[in-house]
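According to TrEMBL, the features are:
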type    : residues                                                                   : note
BINDING : THR75, THR76, GLU93, TYR94, ASP118, ALA119, ASP138, ILE139, ALA140, GLN141 : S-adenosyl-L-methionine binding site
Amino acid sequence: MKNFREILNNVFLDEERKRILTKSPYPPHYGERKIDGYREWIPTRSKLAAVLLKGYRIDLKPNTKMLYLGAASGTTVSHISDILTKGIIYAIEYSAKPFVKFLKLARERKNIIPILADASQPQKYSGIVEKVDFIYQDIAQRNQIEIFRENFRFFAKDKALGLIFVKARSIDSTRDPEEIYKDVINELKRDFEILSYDDLSPYHKDHIFVYVRWRK
């Protein structure tokens, strides 16, 4: 479409209106607008959309195999599903209530495998999930870095990529978020190459993303 520029497979930037959209044959999933076959990707509802709108590029190919930790009701997964047209998303969610809505999405899409499980116990779904190219994590827990690392140990291919979102207040509500982020980066450097990181303002308060490559 006019003024739409493709920045990833099936992801388009509307430069005039400063928004991104995914090309999709599917209906809206969370109340987003659909415009001539494109679903608007709302950055205040999806942290990955915020990352892309801030100008960062994440290496997601059509055939990428992904493990997604913290799928919730599937807002972001629905857009990643539009991108990974020949790939697969193993999507882990622990809470039953959002998982019910997520199941509806998974029934519509051939490339989503929904798994009701605790992401801190990867051994319990190791019989379902194969080795993957990419691990995506959006879990607000104090031990979220260890959860991320353990899932890489179980499921990551050599030099696999990862994207983790960190909410400072979930780790320690009494400390300065900037101090927490420095600790997070230093902890991740033990096992990962840091490709990029930034805060998610103005779309999400007290959050950063860290984009990494597994050193193993």
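Any Cβ shown, glycine's included, is placed from N, Cα and C.
Structure with TrEMBL features highlighted.
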residue : record                               : contacts (Cβ under 8 Å, 6+ apart)
THR75   : S-adenosyl-L-methionine binding site : HIS29, TYR30, ARG45, SER46
GLU93   : S-adenosyl-L-methionine binding site : GLY70, ALA71, ALA72, PHE99, PHE102, PRO114, ILE115, LEU116, ALA117
ASP118  : S-adenosyl-L-methionine binding site : TYR94, LYS124
ASP138  : S-adenosyl-L-methionine binding site : LYS47, LEU69, GLY70, ALA72, THR76, ILE164, PHE165
ALA140  : S-adenosyl-L-methionine binding site : LYS167, SER170
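According to DSSP, THR75 (S-adenosyl-L-methionine binding site) sits within a helical segment. Across THR75, THR76, GLU93, TYR94, ASP118, ALA119, ASP138, ILE139, ALA140, GLN141, which the record gives as binding S-adenosyl-L-methionine, the greatest C-alpha separation is 20 Å.
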